[in-house]
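Q: Sharing a structure below in structure tokens format, with a few things to ask.
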């Protein structure tokens, strides 16, 4: 029986399992999933207004819920997912919170719409509204929709508009509480704590401000008390009103001021003071006249006592006319650089930079006489050094001889890439001076044209000294000739004087005989050192004149002389500017380096105010020629093409001159400039120089100042030496053009000490140069010298 019962119960269990499985199969109907997917698709179409169906769905929800329809979309999607997977309608706390939030948003949307445009009494039917919305392809603002409209329409008469606002806030708070599972008590507690914290911080800030104000008030009160204490400590001074005869203001005479004169006329009680003031003013005028006469006498005495430039009889030549620009050749028309070719190279440049990962654009192109500058604007984040390192790659891509990169261009957020032109355009001195001729500044000289093609002229008196250096054939001598010719075209002989030193003997001899020269062109290196010392003496004499005349510089002194000549009807000569030009400094430094360096140092340090300006040129820019003393005292420099970056640094302090093209291509650094200016130098032919010199000489002959001429060099043959072999050693060294102690030992079979003494005597008598390490000594006298 027991076994039969067990079998029957087992059969019942299997039958119940079958029934539940069949029910599950019935409940797992796939139609539910299809409906869920369809609802999701329709909601997505409605949210994004996709097609006709999407637009109709969104119009329908807009009509019912207004702006709150987007929450409705979310709630429908969440409810669909919940029903699909849990197979029941959601009856949870979050469901109630979502419904409350939907109602609150209906109120909010309708309230916003109400405050903006007021309540509308009528609504269109749903179908007509949907059709109209689709037909006009727009979705008008319906606030909270039909539901929000009727909710507000029913609530306002019952609890007023203010009550509706309060109910809306409560609904929003309730929905948040239901969704987050927080009780009202907790929310209120957190809100109260936040409010208390805010009020606490506010009170702290206010108390801090009050304390600061209190401290300021106390500080002001303390300062006032200190002021009163100081006033009490000072001796008591009677009030101004107690003095009847003394005016309230001090009667300080201001000469040349009409107000004091009017006061003296209307106040008879001050007759004595006015009389004293008039006497003192007369005394001052008389004292000034006496001082002027004394100054004139001192000037005459200084002129009479010293041998000066004016003593040479330099008279202002009224009939002298500066040479016209027509003496210079008219520049010939040259073929301009093709703009299409330049633009093509700019595009190639951009592509090349892009190939190497540099994002940059060509923003501007400047076509100059010798080079074309491409302004590159790098993108944000691009390092400038990355562009500079592509120097060789850019030159290769553009098929250029060399490329100079200026990174960045001073004063601009751009990088300049200078590419040589296929043909250098000739720049003439006439076209450079044409715009500023004649110049008011007598020392205005023309250099050439810059990268933009603009003419560059610079005043020598603002430089105030100039260093010109470059290798042979780079255009250095042409630049010197252009500077001298510019002075001849601007200044008369009594305005500017020149001293030319040319150890090479061939560059500046053409200027012999012009009236602007102080002395003939100096070609002997020994005389050159003495000539520079004469300039130093002239500088000291001028400063002595400035001291006696109470002037500071040559400009003030000349103005004083002109004023005296007008008042006293005299003809005192004005001081002319002096420009000293040394064409080859290296030769002078080898012969008399110490004397030349000392003279150049004194001239460059002090001669600016005296109207003396120095131009030094050399083709060997080494540190033993351009020493640190010379370099530091000559702020303006011109660098022509050099062979190495070291030479460029010696001249202008930075590299760049080694990349110049030659033929007048230069880098100019002015006084106070932080960057170089690339200039194509102005060309001047020998015939043009000769024409200007002939024009000047025909009007006035040279009147040299004998006192400025250097002394004749000492005859080396007359110098005595204690050694009997000195004359033979002298002739031997001059014939062989080399000298050393061992050579004299072998030639004359003498000991080392005697040979060393002979070498010292030869060096002292300036037959050989000083010793320079392991290098052989230079013989300073050749066989062509008559003294030998």
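Glycine is treated like the rest: Cβ placed from N, Cα and C.
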Q: Looking at 137-172, 173-208, 209-244, 281-316, which one does Swiss-Prot call region 'Disordered'?
A: 209-244
Q: Can you say which of 1-25, 26-50 is given as region 'Disordered' in Swiss-Prot?
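A: Based on what Swiss-Prot states, region 'Disordered' spans 1-25.
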Q: Against which stretches of its own chain does the transmembrane segment (34-54) lie, if we need a Cβ under 8 Å and a gap of at least six residues from its ends?
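A: Beyond its ends, the transmembrane segment (34-54) has Cβ neighbours at 61, 70, 73, 76-77, 80-81, 83-84, 134.
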Q: Three states by DSSP: which one describes residue 477 (ATP binding site)?
A: helix
Q: So for residue 473 (ATP binding site), how many other CB atoms are inside 10 Å of its CB?
A: 12
Q: Taking the recorded ATP site as 473, 474, 475, 476, 477, 478, identify the other residues of that chain whose CB atom sits within 8 Å of the mean position of the site's CB atoms, giving them in sequence order.
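A: In sequence order, the nearby non-listed residues are 470, 472, 479, 640, 664, 681.
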Q: Might you list, by sequence position, any residue in that chain lying six or more from residue 477 (ATP binding site) with a Cβ less than 8 Å away from its Cβ?
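A: Expected: 507, 583, 617.
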